[in-house]
Amino acid sequence: DLFQFGGMIGCANKGARSWLSYVNYGCYCGWGGSGTPVDELDRCCQIHDNCYGEAEKKQCGPKMTSYSWKCANDVPVCNDSKSACKGFVCDCDAAAAKCFAKAPYNKNNIGIGSKTRCQ
């Protein structure tokens, strides 16, 4: 679920940035998304959005699906491989958290979602 995703983000970036920092970033971080991603971090969010879209096609409610995971050496690790939905959603979130941790964060890309760059 989204709270667990927030925990994974903190795990992967060693607590350097809260998940709230990503809510209104670029064209894809936060609710919805459109246009061309503005940078690598926004591309991570687009990939995560697409992954959630695939989860919804599988009848998994990704925003509300709880799963089991742990933080091992600053890497989120999923434990729910037996449940198709839980495992899929956990993998989406873990991949995005790792992607966020590697991508540069550009403060100039906060709050641009309503601008023409995201049309």
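Each Cβ is built from the backbone N, Cα and C atoms, and glycine gets one as well.
Together with Tyr28, Gly30, Gly32, Swiss-Prot lists one candidate of Asp39, Asp49 for binding Ca(2+), that being Asp49. Partner cysteine of Cys11, as given in Swiss-Prot, is Cys71 (from among Cys45, Cys51, Cys60, Cys71, disulfide bond). Partner cysteine of Cys99, as given in Swiss-Prot, is Cys44 (from among Cys44, Cys45, Cys51, disulfide bond).
Looking up Cys78 in Swiss-Prot gives a disulphide bond whose other cysteine, out of Cys90, Cys92, is Cys90. When you check Swiss-Prot, the disulphide partner of Cys92 from the set Cys51, Cys60, Cys118 turns out to be Cys51.
The disulfide bond recorded by Swiss-Prot for Cys45 reaches one of Cys29, Cys60; that cysteine is Cys29. Taking Cα separation as the measure, Cys118 (disulfide bond) is nearest to Tyr28 of the recorded positions Tyr28, Gly30, Gly32, Asp49, Asp93. All chains included, 17 other C-beta atoms sit within 10 angstroms of the C-beta of Cys99 (disulfide bond). With Cys27 (disulfide bond) as the anchor, the candidate disulfide-bonded residues are Cys11, Cys51, Cys78, Cys85, Cys90, and the one with the nearest CA is Cys51. When the Cα of Cys11 (disulfide bond) is compared against those of the recorded positions Gly30, Gly32, His48, Asp49, Asp93, the shortest separation belongs to Asp93.
Separation of the C-alpha atoms of His48 (active site) and Cys71 (disulfide bond): 19 Å, rounded to the nearest whole number.
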